[in-house]
Each structure stands twice: as structure tokens, then as C-alpha cells.
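Enquirer: I have a structure I would like to understand better, so I am pasting it below and will then ask my questions one at a time.
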Amino acid sequence: MTQTTDTMHPFDYMHPFGHHTTVADLLARFDACRAWEDRYRQLILLAKALPTLPDVLKTEEVSLSGCENRVWLGYQRQEDGRLHFYGDSDGRIVRGLLAVLLTAVEGKTPEALLQHDPLALFDSLGLRAQLSASRSSGLAALAARIKEIAEQEASLK
């Protein structure tokens with residue numbers, strides 16, 4: 001979903017958390033976790049920190065299939081060519097996973113997204129190996145959608 005500056009909404013040009021959360025922040029948070037339960041707790045905290053997507057943005061156009069829970073992933077191309085992503089999910093853990101993914105891809109150019117595995121951060125955080133098959137499948141669907149968006153936006157240049 002691409003929106004131009006003349007159709008702005010409350011999530012326009014806002015970091016997914018409403019403030020600056022970086023990959024380095026996530027690495028530090030998860031590095032302190034010794035057990036899977038601690039990582040699970042961090043995902044729940046991230047899910048709580050992710051702003052709820054307004055219902056007006058929860059459209060079929062940004063809804064993803066292939067996920068156990070309902071998931072929405074939208075984006076906007078910023079004036080400088082970078083992509084702003086936003087999303088939400090009905091499930092707490094999926095919402096936490098989405099928060100990690102949004103942090104990994106936020107503010108990157110389409111070209112940078114095409115050269116980067118958006119799921120690599122999950123390996124660095126020790127998350128991907130612990131996910132159920134259905135959550136792994138849902139996460140793969142989210143990553144595939146991000147790559148699809150990047151390809152689409154890169155072709156517009």
C-alpha cells in the first residue's frame with residue numbers, strides 16, 4: 001500500500017514504535033536473555049509497545065494470508081525514497097515478532113531491502129530457531145511481502 005504525501009494519516013512518517021527503536025536496542029535487550037522464556041517475555045513487551053493500528057488502516061489491501069493470526073502490513077514511500085512500514089496483529093507473539101521485523105526494515109530503501117534478509121535479525125536475537133512451524137510460516141509470509149514491496153518500489157525508479 002503506497003500513499004503519497006497528499007493522503008497522509010496518523011502513521012505517516014512515524015517510526016513503528018512512535019519513537020526511535022534500533023536494531024542495536026533489540027540486540028542489547030535480547031542479549032541479556034538467557035532462556036527462551038526471557039526472549040518470549042521480551043516479545044510480549046515489544047507487542048505492548050507497538051502502537052495499535054487504527055481500524056481505518058486495517059484493510060484487505062494490507063492484510064496478509066499465511067499467518068495463524070490476522071496480520072496487517074502496510075507501507076509508504078517517503079519523499080527521500082526510503083520506505084516506512086507499519087503493521088499490527090491480533091496475536092501477542094505475532095505482534096512482537098512483527099515489531100522486531102518492523103525495526104529491521106524501517107527506513108530502508110527498496111534496494112537495501114532487496115540486498116538484506118529481513119529475517120536475519122531473528123537469528124541474531126535467538127528467536128527463529130524457537131518458533132513453531134506456523135509462526136515460522138507466518139514470519140516467512142511477512143518477509144516475502146516486504147521483499148515484494150521492495151521489488152515493486154525499486155521498479156518505479
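Note that Cβ sites are derived from N, Cα and C of the backbone, with glycine treated the same way.
Per TrEMBL, the feature active site, cysteine persulfide intermediate maps to Cys67. The feature domain 'Fe-S metabolism associated' is assigned by TrEMBL to 28-148.
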Enquirer: Taking all residues of the domain 'Fe-S metabolism associated' (28-148) together, what is their mean pLDDT?
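Expert: Value for the domain 'Fe-S metabolism associated' (28-148), mean pLDDT as a whole number: 92.
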Enquirer: Using DSSP, how many residues in the domain 'Fe-S metabolism associated' (28-148) fall into helix, strand and coil?
Expert: 68 helix, 16 strand, 37 coil
